[in-house]
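Enquirer: Below, the features straight out of Swiss-Prot:
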- G10, A11, G12, K13, G14, T15, R123, V132, Y133, R200: ATP binding site (BINDING)
- 30-59: region 'NMP' (REGION)
- T31, R36, K57, L58, V59, G85, F86, P87, R88, Q92, R156, R167: AMP binding site (BINDING)
- 122-159: region 'LID' (REGION)
Amino acid sequence: MRIILLGAPGAGKGTQAQFLMGKYGIPQISTGDMLRAAIKAGTELGLEAKRVMDEGKLVSDEIIIGLVKERIAQDDCKDGFLLDGFPRTIPQADAMKEAGVSVDHCIEFDVPDDVIVERMGGRRVHPASGRVYHVVYNPPKVEGKDNETGDDLIVRDDDKEETVRKRLAIYHEQTKPLVNYYSAEAEAGNCEYHKLDGTRPVEEVSAELAERLG
């Protein structure tokens, strides 16, 4: 089972990715993790990527797709995989298809921008431990304080409204077109497309995923 997850930052992809990995026994392939691993291992692609990154440039689609192909050839991907953070653009999706990397399911988590801003803006983090709270969904026992240590909680820059709205603008411009791309792929019989309402409770979304994917 080869799965791609689509959805804006904060739409709940990470949470559902954990559920899918556990249920279907497939690894999550994150382009960030792959890049770090390839650089650490000193592979040809890793060295090439490091050179580009050291110059402060973006790693090309060719390098990323090379890494994806290497990664999915490994044993733990024989039953499938979950692609996270890739493809992000139509050229990447085209290049992936040309490289012979097919997809069985494309899952879109649909969440309005304002809901995402509320979700992410409500996050509070304990920097030392990485514990994450939410003022609405998972509040600390004492407002603004970590449950275990009593230390002050912070709002990460990434979770501030201005930053979130910038990231959402990039998503709508670059990645949202993939919704149409994979919908068309599904109509052509190349994959199945699933659009889920990501505003519902986590358990409900997981249950619907399990039902749809079988």
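Here the Cβ of each residue, glycine as well, is placed from N, Cα and C on the backbone.
Tell me about the surroundings of these features in the structure.
Expert: Following the DSSP three-state reduction, the secondary structure of G10 (ATP binding site) is coil. The C-beta environment of G10 (ATP binding site), restricted to residues of the same chain at least 6 apart in sequence and closer than 8 Å, consists of V111, I116, R119, M120, V164.
Among residues of the same chain six or more beyond the region 'NMP' (30-59), those with a C-beta under 8 A of the stretch's C-beta atoms are 66-68, 70-71, 84-86.
For R156 (AMP binding site), applying a Cβ distance below 8 Å and a minimum sequence separation of six or more within one chain yields R123, V125.
Within its own chain, the region 'LID' (122-159) has no Cβ neighbours under 8 Å among residues six or more beyond its boundaries.
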Enquirer: Give the mean pLDDT for the region 'LID' (122-159) on the 0 to 100 scale.
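Expert: Averaged over the region 'LID' (122-159), per-residue pLDDT gives 94.
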Enquirer: Measure from the CA atom of F86 (AMP binding site) to the CA atom of G14 (ATP binding site) and give the result in Å, rounded to a whole number.
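Expert: Taking the Cα atoms only, G14 (ATP binding site) lies 13 Å from F86 (AMP binding site).
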Enquirer: DSSP on T31 (AMP binding site), three-state: which is it?
Expert: helix
Enquirer: So the record assigns T31, R36, K57, L58, V59, G85, F86, P87, R88, Q92, R156, R167 to AMP. If I measure every Cα pair among those residues, what is the longest distance in angstrom, as a whole number?
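Expert: Value for the max Cα separation, rounded to a whole number: 30 Å.
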Enquirer: Check each residue in the chain of T31 (AMP binding site) that is at least six apart in sequence and keep those whose C-beta is under 8 Å from its C-beta; list them in sequence order.
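Expert: Looking at Cβ-Cβ distances below 8 Å from T31 (AMP binding site), excluding near sequence neighbours, one finds I64, L67, V68, D84, G85, F86.
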